[in-house]
Amino acid sequence: MAAQYGSMSFNPSTPGASYGPGRQEPRNSQLRIVLVGKTGAGKSATGNSILGRKVFHSGTAAKSITKKCEKRSSSWKETELVVVDTPGIFDTEVPNAETSKEIIRCILLTSPGPHALLLVVPLGRYTEEEHKATEKILKMFGERARSFMILIFTRKDDLGDTNLHDYLREAPEDIQDLMDIFGDRYCALNNKATGAEQEAQRAQLLGLIQRVVRENKEGCYTNRMYQRAEEEIQKQTQAMQELHRVELEREKARIREEYEEKIRKLEDKVEQEKRKKQMEKKLAEQEAHYAVRQQRARTEVESKDGILELIMTALQIASFILLRLFAED
């Protein structure tokens, strides 16, 4: 990320910044995927193809249908696929402040970092605006994110009988330049496909993503901003878990007081034992309920009002520190 909020990037060049494979904990059973590209490139439809069902709203429109970063998930081979669809924040006319806010939202939704960054480009006429948006994306993520990036060509169905490799050999120079950057890390999709064709291309893409993950030693893309955001999320999660612990102890004390008062008033030993068992059952139910809440504390934190502002504040503080570092160099 750049040092200043409002012109933020994923490409900090500060001394000591950490890039490349990051720890997958606490989400080591997840495969986190981010879709980026210009408005109308087919990001939402690609997300639906990856997840195997229609969960993102997609369609043909001059303006972005997706208004802010959205996260959806599904299961695949005992792995949770987490896909984040981004709006047209990388379009050249979008203000940097708006881009920055959605980048922070993307960080929140994919922390501690994505395993794959999918650059979505439609096949066909590659306009100057599309080229500029692509350049903005590549610059924003930086050279060191390239090993996590995959090029996705949408509208494969527009090729008709033309072979993809034949098309790419005759493609415009800008597309050829992209191919030089991504090498064999590319895939073409027909997002209108159904049945066997849909499953086959889904398996091909997920296989490519798995290959990228292996090549990056099972790690995820990270940088100082992701690390700072993850620290804030974990801090808030621990605070939430402590709150749940206090609530549980308070509720258990209330239950004990209620039942012990009733037990004291009983003279029948059998009735006393019956009430004790009822109390123990009630306590066990509360412990089970709060155990689930503890496990879901992170999700609760990520979805609560105000967390985006907390992350923004944390990253702005980090940005201030980075600015000081630049000034001292």
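Glycine too: its Cβ is placed from the backbone N, Cα and C atoms.
The GTP binding site annotation in Swiss-Prot covers Gly37, Lys38, Thr39, Gly40, Ala41, Gly42, Lys43, Ser44, Ala45, Ser58, Arg155, Lys156, Asp157, Asn191 and rests on experimental evidence. For Gly37 (GTP binding site), the count of additional Cβ atoms within 10 Å of its Cβ stands at 24 [all protein chains shown].
The coiled coil feature in Swiss-Prot is assigned to 188-300; the stated evidence is sequence analysis.
The compositional bias 'Polar residues' annotation in Swiss-Prot covers 1-16.
Per Swiss-Prot, the feature domain 'AIG1-type G' maps to 28-230; the stated evidence is sequence analysis.
Within the chain carrying the domain 'IQ' (233-262), a Cβ under 8 angstroms from the stretch's Cβ atoms is held by residues 26, 108, 111, 275-276, 278-279, 282-283, 286-287, 290, 293-294, 297-298, 300-302, 307, 310-311, all 6 or more beyond its ends. Annotated domain 'IQ' per Swiss-Prot: 233-262, in sequence order.
The feature region 'Disordered' is assigned by Swiss-Prot to 1-26.
Taken from Swiss-Prot, the feature region 'G1' covers 37-44.
What Swiss-Prot records for 64-68 is region 'G2', and it gives sequence analysis as the kind of evidence.
Here Swiss-Prot flags 85-88 as region 'G3', drawing on sequence analysis. Sequence-distant contacts of the region 'G3' (85-88) (same chain, at least 6 residues past either end, Cβ-Cβ under 8 Å): 34-36, 38-40, 43-44, 47, 56, 63-64, 66-72, 94, 102, 106.
Residues or ranges marked as region 'G4' in Swiss-Prot (evidence: sequence analysis): 154-157. Confidence over the region 'G4' (154-157), given as mean pLDDT on the 0 to 100 scale, stands at 92.
Here the Cβ of Asp157 (GTP binding site) has 14 other Cβ atoms within 10 Å, regardless of which shown protein chain they belong to.
The full span of the recorded GTP binding residues, Gly37, Lys38, Thr39, Gly40, Ala41, Gly42, Lys43, Ser44, Ala45, Ser58, Arg155, Lys156, Asp157, Asn191, taken as their largest Cα to Cα distance, is 19 Å. The binding-site residues considered are Lys43, Arg155; of these, Arg155 has the fewest other C-beta atoms within 10 angstroms of its C-beta. The DSSP breakdown of the domain 'IQ' (233-262) into helical (H, G, I), extended (E, B) and coil residues amounts to 30 helix, 0 strand, 0 coil.
Its own atom aside, the Cβ of Thr39 (GTP binding site) has 21 Cβ atoms within 10 angstroms in the protein chains shown. Taking Cβ-Cβ distances under 8 Å and a sequence separation of 6 or more, the neighbours of Ala41 (GTP binding site) in its chain are Val120, Val121, Pro122, Glu130, Thr154.
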